[in-house]
Amino acid sequence: MSTYFGVYIPTSKAGCFEGSVSQCIGSIAAVNIKPSNPASGSASVASGSPSGSAASVQTGNADDGSAATKYEDPDYPPDSPLWLIFTEKSKALDILRHYKEARLREFPNLEQAESYVQFGFESIEALKRFCKAKPESKPIPIISGSGYKSSPTSTDNSCSSSPTGNGSGFIIPLGSNSSMSNLLLSDSPTSSPSSSSNVIANGRQQQMQQQQQQQPQQPDVSGEGPPFRAPTKQELVEFRKQIEGGHIDRVKRIIWENPRFLISSGDTPTSLKEGCRYNAMHICAQVNKARIAQLLLKTISDREFTQLYVGKKGSGKMCAALNISLLDYYLNMPDKGRGETPLHFAAKNGHVAMVEVLVSYPECKSLRNHEGKEPKEIICLRNANATHVTIKKLELLLYDPHFVPVLRSQSNTLPPKVGQPFSPKDPPNLQHKADDYEGLSVDLAISALAGPMSREKAMNFYRRWKTPPRVSNNVMSPLAGSPFSSPVKVTPSKSIFDRSAGNSSPVHSGRRVLFSPLAEATSSPKPTKNVPNGTNECEHNNNNVKPVYPLEFPATPIRKMKPDLFMAYRNNNSFDSPSLADDSQILDMSLSRSLNASLNDSFRERHIKNTDIEKGLEVVGRQLARQEQLEWREYWDFLDSFLDIGTTEGLARLEAYFLEKTEQQADKSETVWNFAHLHQYFDSMAGEQQQQLRKDKNEAAGATSPSAGVMTPYTCVEKSLQVFAKRITKTLINKIGNMVSINDTLLCELKRLKSLIVSFKDDARFISVDFSKVHSRIAHLVASYVTHSQEVSVAMRLQLLQMLRSLRQLLADERGREQHLGCVCASLLLMLEQAPTSAVHLPDTLKTEELCCAAWETEQCCACLWDANLSRKTSRRKRTKSLRAAAVVQSQGQLQDTSGSTGSSALHASLGVGSTSLGASRVVASASKDAWRRQQSDDEDYDSDEQVIFFDCTNVTLPYGSSSEDEENFRTPPQSLSPGISMDLEPRYELFIFGNEPTKRDLDVLNALSNVDIDKETLPHVYAWKTAMESYSCAEMNLFPSPRNVKVQKPEPWYSGTSSSHNSQPLLHPKRLLATPKLNAVVSGRRGSGPLTAPVTPRLARTPSAASIQVASETNGESVGTAVTPASPILSFAALTAATQSFQTPLNKVRGLFSQYRDQRSYNEGDTPLGNRN
């Protein structure tokens, strides 16, 4: 078995290695080369680059040391791999001595050795991966008439697809500075050496000899192998099925894993059907997969995709040229059968969406097929069931369609504007150059567009969208009808005085005579003014000071007839006249009617544009498109696409978006729920252990556990009770005459005492303490302090006894906390009555554990319950935990029984709690008066300093260790229904567009869906989202923050322009807009830091069709939101005026915010140090 030794030399800056007989002694090429021919030694035909470019003439290698040039055998050119393949290892090692970067490897056959010499280590990995060797790369001695020879690596095989060379559709000539517009397409198989352009000929590229001679250098031959293999026929069939099935995610993953699914070895589209040579775009046009077609066109236009295909050796110019070539191929390449382009396929099948995608690219051409027909001539030829609407739309798309866009600057340096109508063949200019600075330009982006439509209709739509209609005579504008503004100025026509008398009616002629200054000037001579200094000539020097005459209105006949009427109309006090005062009711009625009609398109559109810069133009354009029954597309950053979100397709995309977010939240919370289950398991095990310890006190007390660190439990409890006893004694002494205050204070102290006792009972270190004697012990301590107090007189003692008797009688039949108070009062009364006869010692003498135990043994036990649930804070916390556990069980389901687990029953007991809806980990409470009335509690107090929320837990099964006897019933004074107490458990909706809280983008989508009915069955997520959004008030919606920290995504262009448009920045605004009256726009970076009561700002309805406006009115220092009614047109207009004028600058916004916040609180003069000032 023969062995071959291959030497791999990486490509250097000087170029690739070229073999010769003197350098590669002993190689296969050196041994088998033919003898040199001196006659032909003057020049040698050197191989060009492996990219298949035209061969170039090179001189011999200067390293040979002889004047004679080397001889090149056609079978063994200098770049043949056989120059570096040896049969003797010693000969191969000689090459390694001269080239330090060379690598040597042994192979069992010549085929693998050639692959290694050409492509290095990657070829070996490819052989192992695909189980086949690289084909041979031998020269093809085909000599054309011009004397050029094909490159040895220019054969069309699966391994000749080096992105830097073989068969590249476009290549920028070296040293060429011509723009990409100079790249021409040609059908000739060869190119002239003097040509200055690139020619595509049979999928191969050739360099120009003239450029080679002007800038001679070594050919850029890549020694690296192709980074991607050619897909097999079975893989191409599977790829075609994925396209036909509409699996866009799978298609995207396939083409980015291996670009060869879209680009063949000749840098042309890959044929997915060999017979008729259908590429991916033909398949999409046949089955109407517009989204996949948009993805493919966007991908082949992406510089990163071609760079991935080309590799690291490819330049930016090469990638740009390849993008242009591929885009032109995919849009305009005809099939082999009928010579039809993808546009023909989409037009004859009646696929409107596919035609829209294709014609949106300016590179798409309307070519003729073999029958000489263009796509517009075969509309719906293969679709007999096409509707008339479909045919009309296709005709509109194929016959010069026009669109009206919204242009926004990507850096927010320019306000948005309505762009001029354009067609795909003539796209708009997205480079806005400043007038003052010619070198500066601003990049614009299309954020929405309406169309397609005819050019005439597009111009009308553009004028209507850009300039709202003026208010007519019969519809009164709020500015014109308001007494606070001047009359509407009407500019007369310039040609009004040029009309002849015969061309106008007598009425019009009379009006011109009465109201025309020209008529007055021609009918009467103009009086001569008296000029000072007795001269009519004007001196043209600085010494002449001309007096300033008062403003004179032009004299007209009607103004001469009634001069007072004109001035009275403009007098500010004109409304104070008796005549107008008598007609005040008529004025109010007229203004009311005008106000209802004044919310017309003109006023609403201007208000929306000025107040909502982010989406104002889109709101107006969307409504106009619906009125004109035109298609509307709008870019939504969270969907990263242009679409009308109110259509069926848009709602489906929104539903899919919410569904995806739901799945993501479920995946993220899965680990959290698992940890929650584990914690509940540990809690249940701890509860069982504590129960076992309570059953056997003696054994648990003697146990030496790590938690038993307190050796004096009675001393600790005694010291704590002494603190409470001192506070109770102080309260009794200071408030001896106020029984109500003493009752409330004792209730609060006993509530805290219960919390302390519960914590002691939950701790295993205090198991030996008998807590049933707590009331007797604390009464004993209070009696001791009262008896030994010097402040307590005999009269106070008698008064205290009388008060305790009254409290005991009142609290005899009470339960809960009042029962505890009655028990303490009874014990305290008994101690104080027996104090003169019995010895009551001070507790300071109890300093040891033995003395404390002896003192506790003398106390009496009581029947009061010391359950943990009687503590409000503890019970609330445990109830909340139980409700959250119920939500966990509802969302995750019951856990399976695990055999052999010690605490399995306890685990299921802790997890098997009631049911609630998904997402109820955070709950909100809604007021329910009936539920509050049904609650009867024995330990419920509502403190003003603490917001306490209780839930109705009657339908929820609590976990083990929780008691439902007393915590289900609460009671508060019936005369005050507290909103914080009257609550029902409801799940909080937390699925919004950009997180758990609504943003301005949610409001924008809600405006777009305001007139759309959402089906709860088919669109459950959208229905839930819209219901949650509609629950917010207008004041809360004004406080929604703008989406600032949004992931930057590249928007899908609605059309594909030149290569520069593909690298444009996304449409998301990196800067915050400060021209909308939103609280988040006033203070950047703050979230929810505004006042508790938001200032109610006047705000128009969410859509132009609505006319509800809220106005904030001040009444007794409180902000009250009132709805505008027709009876108060002046107030409503003032509010609208304030809405349009108050938010001018960020500083004014902040000032207005804080001033409204301060006005909401009514200060008393006695509360401030400045109250006594005059």
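From the backbone N, Cα and C atoms, a Cβ is placed for every residue, glycine too.
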Stretch carrying region 'Disordered' according to Swiss-Prot (options 37-74, 683-720): 37-74
For the repeat 'ANK' (338-367), the distant same-chain contacts (Cβ-Cβ under 8 Å, at least six residues beyond its ends) come to 281-282, 284-286, 288-290, 293-294, 297, 324, 327-328, 330-332, 374-376, 378-383, 386, 390-391, 393-394, 397-398, 401, 424-425, 427, 1054-1057
I'd like to know the mean pLDDT over the repeat 'ANK' (338-367). 94
Within the repeat 'ANK' (338-367), count helix residues (DSSP H, G, I), strand residues (E, B) and coil residues, in that order. 16 helix, 0 strand, 14 coil
